[in-house]
């Protein structure tokens, strides 16, 4: 439908003139979403070189945006003269939800419009929903088995579960991940579930399951490894490492793009998120130093929260900063990813050698 490159680029330079570009838009404009057409026209008007990459245009018509196009529309962004997406009326409930998500997570109007027209809810935000359902299911199962739903962590049989991280069983590598399915109690689970659904689901709707699951899992692994390095005698439970990675990345992204974030009540939202995080972290600190129900093993550590925050404000911010931009082309991404890999390798060697070299007296295995 677009025509061959030779038709618009007879010299095979890879570029077409802005005049031919505009003629293509006029010919196919009725097939495009109005916001996408507006962005493309802004690109044509703002291009000072008089030519546009043909492959970029083909990708765009196929709903793919390249980095070179992203850079080009930064110039065209000033020429978007129609009303903001927030001002449009007559939208259905699903359309208003998608618009709300766009304004909650994206700082630029040009990205909001593109996302609004491109989002199809296929696939749905399956990762955050699935991980939440599994966490709740494991909690309910443990509640029935232990006959306790509040402060399950104080039950004598709690540590015998094969999922949580215990320093004596640190050689069982799966525990560095599966500890997220064990929670200290219903208050612990409740705050984590609320935060990861309210923050994680909208983020996954915009950035996709691959990016969000990476931030979440990276926060989980960093959390358990941080405990194994900084709080070596303590076990770990709960999904706070992953939750704090997502929430801290989102909040940092809002702060860094404050003027562009047009979401309503952003101050209130930040305050509520910070209060919930502070309350949950304070509960974890109190529990860690509270007399243990199974001495000499202490209650679970709170260091996983801090590990998650560090992942969120480094890797997480880079992943959430640019909508639909390839991470492989971002220098900061490679820097922070290298730092994360170095930390993981350091923690692995620490777990292998440091415990014996320090002659640390660990609590007995459960």
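Quick reminder: no glycine exception, Cβ is built from N, Cα and C everywhere.
Since this is a predicted model, take the numbers as computed values, not measurements.
Feature annotations, reproduced from TrEMBL:
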DOMAIN    6-31  domain 'EF-hand'
TRANSMEM  126-146  transmembrane segment
TRANSMEM  212-230  transmembrane segment
ACT_SITE  240  active site, nucleophile
TRANSMEM  267-289  transmembrane segment
TRANSMEM  301-320  transmembrane segment
ACT_SITE  305  active site
TRANSMEM  332-358  transmembrane segment
- Neighbourhood of the residue listed as 'active site, nucleophile' by C-beta distance under 8 A, where only residues 6 or more apart in the same chain count: 192, 223, 280, 281, 284, 304, 305, 308
- Based on Cβ pairs under 8 Å, which of the stretches 267-289, 301-320, 332-358 lies most in contact with the transmembrane segment (212-230)? 301-320
- Item | Neighbour tally for the residue listed as 'active site', based on other Cβ positions within 10 Å of its Cβ | 25
